[in-house]
Amino acid sequence: GLFVTDYFTRTPRKLSPFRSFASIELFHFHIPEDTVIAVWNLITFKEQGGTFGDQCPDRSITVYFRSGAPSVINPLHTHFPRDTAVPGSFALTLTWTLPNRTTGVFNVTSPLPGDWFLAAHLPKDEGKISVKGLYEECQYLFQPQLIVQRLVNIAVLYPGHVTEQSMAPHNRSCLYKVFVPSYTSRVLVEVLQCRGAEGCPLWLRVRAKAPPLHNSTTVDCREHTPCQLAQDLPFWQHWYYVLVEKHPGVPGTVSFQVTVQLTDCSRPSLARSPFLPSSASMNMPHSFGSASGLALGDSPPPTSPNDTKHPVPIPVTSHAGERCWPVRPTLRNELDTFSVHFYIFFGPNVSVPPDRPAVFVINLLPVLDSGGVLNLELRLNVSSLCGENVTVFGCLNHEVPLTSGDNTSVTCETESLAGFLLSVNATASLSRLRIPYPQTGSWYLSLRSLCATEHGFEPCNNVTAEVYLRAYLSPCINDCGIYGQCKLLRTNNYLYAACECKAGWNGWGCTDNAEAFSYGFQLLSTLLLCLSNVMFVPPVAIAVRSHYLLEAAVYIFTMFFSTFYHACDQPGIVVFCIMEYDVLQFCDFLGSLMSVWVTVIAMARLQPVVKQASVLYLLGAMLLSMALQMDRHGLWNLLGPSLFALGIMAVAWTARTIRRRHCYPPTWKRWAFYLCPGALIAAAAVLLYAFVETEENYFYIHSIWHLLIAGSVGFLLPPRAKPSRRLGPLPRRKGCGYQLCVNEQEELGLVDPAVASINSICTS
C-alpha cells in the first residue's frame, strides 16, 4: 500500500523534580487512523545561564506514555485512595549519552488512533529552597517529536459481501478494515476458496482500532477448515482491521476470498444486512467513504477485477449471549470545569429486574473530560429485597456493554474486554469506584441482580432490587481532602487537574499519611515561626529609648505581619489568617526590607548633612513596594535596596572620616561590641537563608533567621544622641520674636539624627 509520513513536534519545556502530578510536564499528541508505526524522538538537553550545562549533574528523566488520557503515575510508590482504579501506562527512563544532550527513541507498532499523552519529570530532590537569582540554576529541557507512518486507501470490507483477492509472490500480506456499529454482538471473519501452492498458507489476524500485531487474535488457515475468526462483544463504533498474511517461503500466487459477517444483537437470529439502513449505516463515520450512504435498493460501488464484492448468503447461528438489552442514556449537566453530573431519566433510583440487566451509558467528551476523575456510586435499597439474599453486580466497561448470557457470571472481563466490577448487597449496601483520568468515549454500566445460594449465585425469582445510582465527573478525588489542594493545570489547549499535597501527606488524593506531620509537629512549627518574631521587641524598645520612633514603627509593622503571615502560611491544619494570604505576604516582605533600609539609613547619620533626610525613608518605601510588586522572590529585591543603603552609609562615614581626619565611628568599643557582632549576626542570618534552608528544615531554620536578623538590628542601631551643653548664641533676626538655637557640636557617632539639625527652639 501507499504510505504517508506525518511529523509533529512540541516546544521544549523545563522539567521539574517530581513531587506530585502537578509538577510533571504533560505533552498532548494526536495519532491519525490507519497508522502502522509511531516513533517518538525524545530530546533532552541541559542549560545553565543561557549556555550548555556541561557542568550540570546527570539526572535521569522518566517519560510515561498512554493512549486516550494522561498517565496515572506513582513513582514514589504511595497508596491510592480506596476504591480507585489505576490504569496502566508505558514508562521509559532516559540516561545521558553526552555531557549536555541525550536522545531516546520510543517505537509503537500499530498504535491506537486518537489522543496520546506523554508525561515527563525528574526524580524527587531534597527540596532545597533556593533564592531566585543567587546562582545559575541547571535546567533540564525536554522536547518530544512524533513521526507517524500511515497507510492510505485501505480496502474496506462490507458486511455480507465477499472480497476476492490475489496475492502476488512478492506480496506478504493484505490489509482490510470493516466498521462495527453499535448493537453488534459478534464479528465473524472468514477466508473462503483459498488456493495456493501448499494448500492455504495464510494467517488470519483481527484487531480492533489499529492494524493487527504479531500477538493479535490469529488463526492458521492450514490447520483450521473453514478458516474463520470470531470476535464476540466487539467494540462499538470502531474500525476492525483484518490482516491476511502469507506464510514465509511460499512460492507462487495465492488467491482467496474474504468475507465479514456482523451479528446484530437486537435481532440475534439475523445477520446484519448490507442493504438495510440500520445502525450499521446510520452510525458510519464520514471516513467510511461512499458506503456510509447506502440505502434501500442501492448497490455497492464498483470494484477492481481482482477485488470483487458480491452478496453471499451466510448462515448465522444464534448464540446465547448475542441478545442485547436497551441502553438507557444519561443526561449531562455541566456545572464547571471537570464538574459534570450524569442524571438518569426517571432516576436516580434504578430498578434491576431479576430476568434481565439494566444498561446505562455515560458519554465522556473527547479531550475535555479525560483530565478529571470519573466517580461511580451504587447504594442498595435494602428494603426492596423482601428478605432475599440478593446481590447486585455492576460492570463498567469502555465502548461496549458486557452482555454475557451466563446469568451466574460475576466477572466483568473477557479475553478482549476489561472492565470494573462493583457489587452491593444487604451487608455492604454501598460501593464506589473512582477512575482518575478516564478514557473518553462511551462507558457502559450493566446492573444485574443475582441471589446467593449454597451452590453459588443463581437468578433471583420475583425480586426487583432498587439501587441508587450516582455518576459524576470531578476534578480531583474528594477535592484532595484537607491536606491537599486541587489545582487546575493547562498544557497548550489541554486542561487537567491534579492534587498538590502538603504537611507531609502524599498520594493521588493526599490520603497517604506515611510521612505526614502530626498535629503536635504542625503546632510546634507554627509556634516557632510566629513566636520567633517576638525577638523584635528588644529592637523596638531600643529604638523608642533612643528616640528612633520611625524605626520603631517599622519594626512593629514587621513583627506584626511576619507573625500572622507565617500563621497563615502553614501547610497543615494549624492555620490562622486574619487577611488574604497575598496581602499578608506582601506586608511581610515589605516590612522585612524596610527594616533593613531604615536601620542602615539610621546608621548613616544623615541628619546633620542632609536637612531633609526623611525623604530617603519615603523614597525607600516607594521603591521597595514597586520591586516587590514586580517580583517578590527575586534576589535583587533584597540585595538592591540593602546595597544602596550601605552605599549611602559608606559615603556618609567616609565624608566624616575625611573631614575629621580620623576613623568614624571613632571609638573602638563601638566597633568591637556593636558593629562587628551585629554585622556577623546579620551575615550568618543571610547565609542560613540562602544556602541552608530546605523544605524539611524550614520551620526551625527560618525561625533562627527571625532571631538573628532581629538581634542584629539591636546591635547595629545607633544609640541616642547626647544633648549639647554649649550653645553659641545666634544673631537675632529682624521682625522675628524667636531665636533658633542649633547644636554646633557634631557628635562623634553619638548624636541622634532626630535632634541633629534643630536641637531646640529658644524664645528671646
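Cβ atoms are placed via backbone N, Cα and C, with glycine included.
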Segment assigned the feature transmembrane segment in TrEMBL (from 495-515, 516-536): 516-536
Beyond the flanks of the domain 'EGF-like' (499-510) by 6 or more, those residues with Cβ under 8 Å of it: 19-22, 72, 74, 76, 78-81, 84, 436, 476-478, 480-481, 483-487, 516-517, 522, 571-573
Confidence summary for the domain 'EGF-like' (499-510), mean pLDDT rounded: 91
For the transmembrane segment (634-655): best-contacting stretch of 516-536, 573-597, 671-692, by Cβ pairs under 8 Å: 573-597
Proximity verdict for the transmembrane segment (516-536) and the transmembrane segment (671-692), three or more C-beta pairs under 8 Å: no
Range from 548-567, 573-597, 698-717 with most C-beta pairs under 8 A to the transmembrane segment (671-692): 698-717
Beyond the flanks of the transmembrane segment (573-597) by 6 or more, those residues with Cβ under 8 Å of it: 482-483, 503, 519, 522-523, 526, 554-555, 557-562, 564-567, 617, 620-621, 624-625, 628-629, 632, 637-638, 641-642, 645, 709, 713
For the transmembrane segment (698-717), distant same-chain residues with Cβ under 8 A (at least six beyond the ends): 129, 524-525, 528-529, 532-533, 535-536, 538-539, 542-543, 546, 548, 551, 555, 562, 566, 592, 595, 599, 602-603, 674-675, 677-679, 681-682, 684-685, 688-689, 692
For the domain 'EGF-like' (499-510), the number of residues DSSP places in helix, strand and coil: 0 helix, 4 strand, 8 coil
